[in-house]
Amino acid sequence: MDDKASVGKISVSSDSVSTLNSEDFVLVSRQGDETPSTNNGSDDEKTGLKIVGNGSEQQLQKELADVLMDPPMDDQPGEKELVKRSQLDGEGDGPLSNQLSASSTINPVPLVGLQKPEMSLPVKPGQGDSEASSPFTPVADEDSVVFSKLTYLGCASVNAPRSEVEALRMMSILRSQCQISLDVTLSVPNVSEGIVRLLDPQTNTEIANYPIYKILFCVRGHDGTPESDCFAFTESHYNAELFRIHVFRCEIQEAVSRILYSFATAFRRSAKQTPLSATAAPQTPDSDIFTFSVSLEIKEDDGKGYFSAVPKDKDRQCFKLRQGIDKKIVIYVQQTTNKELAIERCFGLLLSPGKDVRNSDMHLLDLESMGKSSDGKSYVITGSWNPKSPHFQVVNEETPKDKVLFMTTAVDLVITEVQEPVRFLLETKVRVCSPNERLFWPFSKRSTTENFFLKLKQIKQRERKNNTDTLYEVVCLESESERERRKTTASPSVRLPQSGSQSSVIPSPPEDDEEEDNDEPLLSGSGDVSKECAEKILETWGELLSKWHLNLNVRPKQLSSLVRNGVPEALRGEVWQLLAGCHNNDHLVEKYRILITKESPQDSAITRDINRTFPAHDYFKDTGGDGQDSLYKICKAYSVYDEEIGYCQGQSFLAAVLLLHMPEEQAFSVLVKIMFDYGLRELFKQNFEDLHCKFYQLERLMQEYIPDLYNHFLDISLEAHMYASQWFLTLFTAKFPLYMVFHIIDLLLCEGISVIFNVALGLLKTSKDDLLLTDFEGALKFFRVQLPKRYRSEENAKKLMELACNMKISQKKLKKYEKEYHTMREQQAQQEDPIERFERENRRLQEANMRLEQENDDLAHELVTSKIALRKDLDNAEEKADALNKELLMTKQKLIDAEEEKRRLEEESAQLKEMCRRELDKAESEIKKNSSIIGDYKQICSQLSERLEKQQTANKVEIEKIRQKVDDCERCREFFNKEGRVKGISSTKEVLDEDTDEEKETLKNQLREMELELAQTKLQLVEAECKIQDLEHHLGLALNEVQAAKKTWFNRTLSSIKTATGVQGKETC
């Protein structure tokens, strides 16, 4: 980590981090017991939070060095504040109390740099609070590590906040039941006084925050389980008995260990103000210096499946990168002096564009490998770098030939015998070129090396936790370049401000000393402009605008004096339009709406410049954002509107300044006024002839106002066009801070384009002493880098504008210089030898001819290449046409065959229909015949049954009569008993039996004949059913053929036949 604070160490095997309970991470207060608790959470008394003074808030406040109090929570009444303390190990200054931010619904977020606004947290009144407890005011730029590509899975209440089993169980439940995952960015502070923040990845706004001292336990999912890419932490809520667990999932699984390590670091470290001393710490007997040689190598995809080292420019000492090509970062770490220290692992490889970047601006790269080299002398770390990521857009755009970019690479190493991780920071220069550019210049070595001096202090035996713990702690870490810079800064030749003295002239900015060797120019669009203004000034401007609106054609008298002090930011949009005379610009507004619909011939140049316009301003830095879209429309509309000039490089800066104060239509109108009415477009005409006249006027003014600087520029052959071109063409809008740019535009719109001379002379006059000490290269570098940085202080910019306004440069004098220039040009033309002129013209024409020939060759080559490509495409198209023709013929033949098959199937279908009709009619007739036969037999049977019943009844009646007659006869009565049975005479009985048997036999014969006829009828019915089955079989075969022909109507007909046949068959049964 960096030098500002120290960090703790976490074991590789550790899956969880707890502020009070972990074998790898036990935090002990200096006031507490020196023997840390090592239980695993089974004993509540040992793992509970210990509060000084037995829980008394007053006693706790007296013990605390810094107190964090909860702000009032109006939206969550009834929840109480929980103030407990962690017990910090060794380095902590004491226990810390904390606040919990209220968040009922958390919207998770991925990781970008967090810039924390300066704020003061009010003290929440409570019982026992005393006046001695002051609120904690966080630092404006909180030192933190930001992690992106995280997903928030949710939170839940837990009863055992330090139980790893409970935490893993809740992690599994939330991961499996999560239906709506939310992307978040997590910011983890580097000190225990900090706050963990959840940020929105799009707007970078804070969603929720959790103070470190409220976080009780951290845990990650076990390897080999679905939760291996998840981690969680528990925090105490407002009620002392309420604990919540928050679960997150990482898109990059390796980042889980890095996040847990950041939490462990925050638990260990106290926010001590330990800036790096300007002088090295004195050598003590118990300290040692270890020297490390760290080399950086960048590799690019060579298109053949391998990565090759990128070249390094021998003169500029910068890497040359190709745009949009995948890269790898390779770091070689080798210890060169002192006792060898064992590097355990690398837990972070980070990269960021720029120089002197903050920790929160560094972006984590994916680690591919780490370990000892083949010879065992160095430790090698390799990481993959995707340059197309939005974070690295600055180092993925083509760099102008005269510029270089800075890039910062950091590697975090865990050294076995060192208590804290060590961060080696490498700042290198890079240039980005086209992906198709060939590398043709000679190169030196393809890596850059920096020596680092790590000063360690051995920890005393009694301060260690055990015998196997770390042996050293970091005192300071310094690179060789920092040492050289410090020596240069402290040398007597460098002018340092005397203590206690304050100069009235514009002082050198305080950052000049530390950025003297910084070759990176100030980004355009930098500098915050405040809209605050004194009430008296606003009242004065309000009265002036009221009078002005009464007559817009006449400017108020006091306008010039007010503009010289600067127009209030809130009024600039309106005042600029009035100064430019755009109060009647309806025709330009309508014209603009038409122009943006037309095509511009300079579209590519506009698009290229827009990406470079105000990259430091939030409104324009997003590619494809609203700011760049509006800026593109304005530049495109003007290029179509002014066909003679079109779009010229630098116009986008002026358009961006206007766009920051007014809508697109009004900004376009003011831009047109500045270009035409103020004469800015004249500078671009006639091969920049008027611009060269301005350069001559500036040099003549320098000769009059700053003669010594003018003579110095003559001595070093520095001409005005070498440093002032951008001043005139962009009106100082390209490089200087915005508050200074806006003030210059105020003066320009009020007094005209001659204001440029006032500002230019002011810049030269205030920088005269520095410029007199420079040579040609140094002067150019000063104008490009140091000069804009001098005015990052708004006070310096105001003094410069006061100086510029006080300079009296009359128009008469400028006219005089203009005449001198034209006279000089005429004299040069007259005095010039015609032969020399013709030779120069001849050389120019030859160069133009060579250029045209080269262009012709290029076009011819492109034409040949295009013809070859077109011939190849034509051959491919012809082959494809032949194949399609063959396929068409085959398809046509298949269609003819299919039509013939269709006709054949239709004929067969008609025959089947006819056969089905015949068989159906025959079956119906058979069924009717069988039905009539069955009905006749049923009728006969019923008649016979009736006849039998009648005969039986008659027989019974006759028998009864005979019985009565016998009863009446005295002789016959003896032959019968009381039941009517014959007593004795067997012959009579036999006769009667014979008569009865004959009658029965007759009936049986008749019944047998009827049964035989019935059996014959059933046999005929069975034969009819067999025939029906045969018909159904034939119908089934026909059905298959019909189905093949996809005749669905035939299926319905056949089904109706089956249904009818089946119903009638059941009736016959």
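The backbone N, Cα and C atoms fix where each Cβ goes, glycine too.
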Phosphothreonine according to Swiss-Prot, picked from Thr623, Thr953, Thr996: Thr996
Annotated residue, phosphoserine, per Swiss-Prot; candidates Ser37, Ser42: Ser42
Pairwise CA distance, Arg608 (site 'Arginine finger') versus Thr996 (phosphothreonine), rounded so that it is a whole Å: 131
Recorded positions (Arg608, Thr996), the one with most neighbouring Cβ atoms at 10 Å: Arg608
